[in-house]
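Here is the structure we will look at.
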Amino acid sequence: MKNIGLNINSSKFIDESIIESIINKINKYISDAKVTIYKDSRGLDSASTYNLDIIIVLGGDGTILRTARAVSKYGVPIFGINMGHLGFLTEVEISEFQEAIKKLSLHDYIIEDRMMLECNVNNQNKNAKYISLNDIVISRGTLSRILNYEVFIDDKLYTSFNSDGVIISTPTGSTGYALSAGGPIIYPTLEVMSVIPICPHSMKNRSIMIESDSKIDIKINHKRESVFLTLDGQEAIELDKCEEIIIKKCNFKCKLIRIHGYDYFEVLRKKIF
């Protein structure tokens, strides 16, 4: 572990002395470390990121999500230091970093693979591809009317419903927006996808969990209504005359570093229950 990235969320008002302290602790336990600093995830999607052995994220869950979308294609493991509120994906608090970097230097950790989603949008013979770690949400614009969605799973019609939108969630995202929309909590290392209607206008429309190798095809009857595709609640893309939205398991995973002794259920109790 030599090439180390440090991605800093500047909106957290992180004092320069904290950053300096982190770098000093890294150099204390990893003498030949080369630390590259990134701010607000800028530059993370460049080819140079491929050479990183690890990226340390100084922020909250949102910063982890941005980092994952940028570096997961390069297979770079992510280690999160919580500077936010929820801290569901981050591994340690800032006060615990010295002990954590000591364990990292001794290779006393595991890498936890998290499934990601890939979304292909066919729009007037132009194909665009997007990825996410938590979820992909298809929804109406703020002033738009309710839309009709047809959901096909492996080319077979699953259901058609009128609603404000639909969430396609990974197990990692099951404790986020999907949970508030009535979806189930799913153990994060499982490989399944959830399809969850948002405020459906029928009591019979419920969420469904399907295997990760399935293909989800969503058709929207929206005419002139605005439709948005949102990735992890962070990136929103307006879909104009969209013909087809296909969502499936991404061919690479997000790699999260876990210090030995990590207890998912303890985190769940503290953050959710």
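Positions of Cβ are set from backbone N, Cα and C atoms, glycine also.
Where the annotation comes from TrEMBL, it is an automatic prediction and has not been curated.
Following the DSSP three-state reduction, the secondary structure of ASP61 (active site, proton acceptor) is helix. Note: ASP61 (active site, proton acceptor) has non-local neighbours GLY84, LEU86, GLY87, PHE88, LEU89, THR90, i.e. same-chain residues 6+ apart with C-beta under 8 A of its own C-beta. Annotated active site, proton acceptor per TrEMBL: ASP61, in sequence order.
Annotation comment: TrEMBL describes ASP61, GLY62, ARG66, ASN134, ASP135, ARG145, ASP164, THR175, GLY176, TYR177, ALA178, LEU179, SER180, GLN234 as NAD(+) binding site. ALA178 (NAD(+) binding site) counts 27 other C-beta atoms within 10 Å of its own C-beta, drawing on all protein chains shown. Taken residue by residue with DSSP, ALA178 (NAD(+) binding site) is part of a helix.
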Report task. Based on Cβ atoms within 10 Å, give me the single least packed residue among the binding-site residues ASP135, ASP164. Result -> ASP164
Report task. Might you list, by sequence position, any residue in that chain lying six or more from ARG66 (NAD(+) binding site) with a Cβ less than 8 Å away from its Cβ? Result -> SER41, LEU44, ASP232, GLN234
Report summary line: Given the binding-site residues GLY176, SER180, the candidate whose Cβ has the fewest other Cβ atoms within 10 Å is SER180
